[in-house]
Every structure is written in C-alpha cells, then in structure tokens.
Amino acid sequence: MSRAGLEVLIRRVDPDVPLPAYAQPGDAGADLRTTVERELAPGERAVLPTGVSVALPEGYAAFVHPRSGLAARCGVALVNAPGTIDAGYRGEIKVIVVNLDPRESVRFERFDRIAQLVVQQVERVRFRQVAELPGSARAEGGFGSTGGHAGLDPASGTSGQVAEGGPTGGNRYASVVSDREGQ
C-alpha cells in the first residue's frame, strides 16, 4: 500500500549540495551530507554543516540519526543523537559528530553522507502533576533492568549496578573503550 508523501519545504544554503534522499525504497531516513572537508583526530568532535534548511509542517519534527556504517566502520557517532529539528526552526541543519576511534583519524569529504533525517509526526502533550503515578510491570526499573546483555545478567551479580570509580571515573562506557584498546 502506497501513501502520498508529506511535503517538506527545503532550501539549499549551499547551492551545490544534493538534496536529502532515501537510498532505498522503504527507508525511514533520508541521507544528509556535509558541505565541508574535515578531518577528525581520535576523540575530536566537530559541527558539520549540511547545506540545507527545512520548513516542517506544524505537528511534525525531524530527527537527525547516525548512519550505522559510519559507526561500524569508522567509529563516528553523533554527540546529540538524535538531534531534534523543531517545526519552527529555519536555520541550516548541522550535525555534531565525534570520532570515537582511539587510534585513527576520520576524514570527511565534501558531500559525504554523514547522518539520516527522519521526519515524524509528534504530539504536544499536557503535563498534569499528580502525587503518585499508577503502577506498572516495570515500575522504577531502568538502566538495564530488563536484561538482554551479558553484562546485565543477574547471574553475573552486576544487574542494576553502575560502575564505581576506578581508572574510568565511574564511566562504564569508558571501561569498554579501554578494554577495546587493549585488544
């Protein structure tokens, strides 16, 4: 079943940049490209311009998501993922990237695909303060409370625990990076 696509107004800030496009039928995200050449050293972050700005219809927002290939092959992540583009924003879309590879620099060329733009309908809600929230099966469980990862397995004795101090300063992610560097 095919639906008519939502029309989103777009302006090229850089007259030569290709417009965001879906790589395959059925893709949720349209590829965004950078308009600059930039090299990122290990651990370095940068704000990359995309050369486009959009006018989204009221009731919609766009979300800037990472591209899995950049993460898997180069260690590039988005610092603010997903980045939110509100319907009223008219400035150039920019993407904050970071090179998480501990050893290799990453080079971006002009018009490299750097992120995906996903447009979604959003609801505005009314918040109503209450003294107590209704119960649920999950209750206050968070941060891995549902399991699904060996490091969160109750049998290992680490379920629900947050890393404490040590050489990574209490940052469990940093300890994973340190372990990877040692391989």
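Here the Cβ of each residue, glycine as well, is placed from N, Cα and C on the backbone.
Because the structure is a prediction, the values reported are computed rather than measured.
Under the heading substrate binding site, Swiss-Prot lists ARG67, SER68, GLY69, ASN80, THR84, ILE85, ASP86, LYS94, citing sequence analysis as support. Among the features that Swiss-Prot reports, region 'Disordered' is placed at 138-183. Positions annotated as compositional bias 'Gly residues' by Swiss-Prot: 141-150.
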Around the Cβ of LYS94 (substrate binding site), the count of other Cβ atoms that are within 10 Å: 17
Other CB atoms, at most 10 A from the CB of THR84 (substrate binding site): 11
Distance in Å spanning the most remote Cα pair of ARG67, SER68, GLY69, ASN80, THR84, ILE85, ASP86, LYS94, given for substrate: 26
Residues in the compositional bias 'Gly residues' (141-150) grouped by DSSP into helix, strand and remaining coil: 1 helix, 0 strand, 9 coil
DSSP state at GLY69 (substrate binding site), helix/strand/coil: helix
Neighbouring C-beta atoms (10 Å sphere around the C-beta of ASN80 (substrate binding site)): 12
